[in-house]
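Annotation comment: Swiss-Prot describes Asp438 as active site, proton donor, evidence class sequence analysis. Taken from Swiss-Prot, the feature active site, nucleophile applies to Asp459. Sequence annotations record features per position, and here Swiss-Prot assigns substrate binding site to Thr385, Gln415, Arg527, Trp529. Among the features that Swiss-Prot reports, N-linked glycosylation site is placed at Asn225, Asn330, Asn369, Asn376, Asn387, Asn505, Asn555, Asn596, Asn601, with the record citing sequence analysis. Annotated region 'Disordered' per Swiss-Prot: 24-88, in sequence order. Annotation source Swiss-Prot lists region 'Pectinesterase inhibitor 47' at 74-236. The region 'Pectinesterase 47' annotation in Swiss-Prot covers 307-606. The signal peptide annotation in Swiss-Prot covers 1-19.
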Amino acid sequence: MQTHSSSLVFLALLCLSWALLVSPTRPPSQPPSHPPIQPSSQPPTQPPSQPPTQPPTQPPSHPPTQPPTPPPSQSPSQPSPLPPNIACKSTPYPKLCRTILSAVKSSPSDPYHYGKFTMKQCLKQARRLSKVINRFAQRVEADPGTSTVEEVSAVADCGELAELSVEYLETVTEELKAAELMTAALVDRVTSLLGGVVTNQQTCLDGLVDAKSGFATAIGTPLGNLTRLYSVSLGLVSHALNRNLKRYKGSKGKIFGGGNKPVREPLETLIKVLRKTCDKGKDCRKANRNLGELGETSGGSILVREAVTVGPYETDNFPTITEAVAAAPNHTFPEQGYFVIYARAGLYEEYVVISNKKRNIMLIGDGINKTIISGNHSFIDGWTTYNSSTFAVVGDRFVAVDVTFRNTAGPEKHQAVAVRNNADGSTFYRCSFEGYQDTLYVHSLRQFYRECDIYGTIDFIFGNAAAIFQNCNIYARKPMANQKNAVTAHGRTDPNQKTGISIINCTIGAAPDLAADPKSTMTFLGRPWKPYSRTVYIQSYISDVVQPVGWLEWNGTTGLDTISYGEYDNFGPGADTSKRVQWSGYSLLNLVQAMNFTVYNFTLGDTWLPQTDIPFYGGLLHTE
């Protein structure tokens, strides 16, 4: 690292408080970021005749959907105080947890109070970290010749992620003020946001390490300790809120409520109105009037605030999607309706970012391979994996329908993302994602994909979201010579994160280039990017493109006893599990375990998907 940053690094270490400087209980997890998969020198280990009996770690089940009951004004018997050593058992770092909670003057009876205390510490430290990173970024921008392009990009990512984490923690702090009356949906959102903070921190650190930044060396220990503070808070808050739900019998409720204004439309009706009214350069300003004239419609429907069009005609509102996004209002609520962007058929060579303040945006195209958003940023060309995306979305409740997203960098450019998604309650319907390595970055929070096509090679569905894929086609492409394909690479770093990749009723097959040369490479269902990686395949067709062992290790035996990989009721020539890996973190799921990874139970999608009017099923296709 050059001398210009040494003083700022020293400032960073001074600026961060005692909570960051507690000695770590173990070094931060820093596995490499998506290297090309090279052939193994040893053949895969053959499993025994019976699959392992240890099931994957399951997300907690949700309580019955009963009306919330207010807490009693006074409990019949006063619960005994809860000492820190007991409360800290719910966290992955009990020693650090006890050190932090030693500042609490008296032991409360409810672990929620411990969680609330640590949340204050988290928010305080997150704000300080954001300031430190922003100051460093300003120094780098002022004197760019002293830093590499990769370092500049990685530091910029850290600044963006740090600001996001502050916003998430502020939201959580506000929600926790009424923790006793929280519904399951709000609990799920709170724990998802806290899990997202942990993911943001890890993404920052990974990016700095990949960029070989001296800043990473200097700030690595404080970053690691702050990540542990976040993990401690996540464990305490998750345990406390789930305990309160059971205690007060809270209902599922709704995380994103609806309203009766401005206009409610079925999704397919909305699409037809847009395409008919705006066909061949007609004045699309009539679209909003037509929607208003249709008014309330029976059956499923969505709320529409305003509709704008993107295209080459003079009657279109905007020539680019980026300009249309910029025109959307900021910080809108669900009851205000969607800001609908209709992008005509065409090739849009632009890099679109939907920021955290742009919420309730619905992007509608003319269909797969008709409305195409394309870019070619890649890791080899100096972009971080996080920022190589052609299309990035952070704003809550984003919906995309009938759009193709591409990254055309090619396999020789390594990591090159088509879509990066860290938007809570986001949905992609009838879309396609085309790339090679790292095509679809399901970064964080809760996501749903329905009837989509995903193409790629190495780790082409990766990240640390709670992402569900229903009725999708997943195609492995032909990589470079001596590389192996992995469909998924989930990145859970904390056992309390309610994240994972759930693939239900999908087809896993070969793209045309690989189908023409099937013996050119080996394809696997996934590999563990991080220690608590979690992925399941349920009631899906698995073709013979998948190797009989099914799964691939990341780095030797690392994480194979802490991951959660499972399969349930799949079919097809590649679904035979008799030769699957014999890792302790892999198993064949039973019905009850598989149900934990459905829309109803894994993401509580039934509390936020109905407002999109996109079809979904909450459980399994069949249970026989």
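Each residue, glycine too, has its Cβ placed from N, Cα and C.
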For this session: For each of the recorded positions (Asn369, Thr385, Gln415, Asn555, Asn596), count the other CB atoms lying within 10 A of its CB, then report the residue with the highest count.
Result: Gln415
Exercise. For Trp529 (substrate binding site) and Asn330 (N-linked glycosylation site), what Cα-Cα distance in Å is obtained after rounding to a whole number?
Worked result: 35
Problem set entry | Overall pLDDT of the region 'Pectinesterase inhibitor 47' (74-236), taken as the mean | 87
Exercise. Want to know which recorded positions, from Asn330, Asn387, Asp438, Arg527, are within 10 Å of Asp459 (active site, nucleophile) at Cα; which are they?
Worked result: Asp438, Arg527
Problem set entry | Whole-number Å value of the largest CA-CA distance among Thr385, Gln415, Arg527, Trp529, listed as substrate-binding | 18
Seminar exercise, completed: The recorded positions listed are Asn505, Arg527, Asn596; by CA-CA distance, the one closest to Asn376 (N-linked glycosylation site) is Arg527
Problem set entry | Position of peak Cβ density within 10 Å, selected from the glycosylation sites Asn330, Asn505 | Asn505
Seminar exercise, completed: Counting every protein chain shown, other Cβ atoms within 10 Å of the Cβ of Asn376 (N-linked glycosylation site) number 18
Seminar exercise, completed: DSSP, reduced to three states, assigns Asn387 (N-linked glycosylation site) to coil
Seminar exercise, completed: The correct three-state DSSP answer for Asn601 (N-linked glycosylation site) is helix
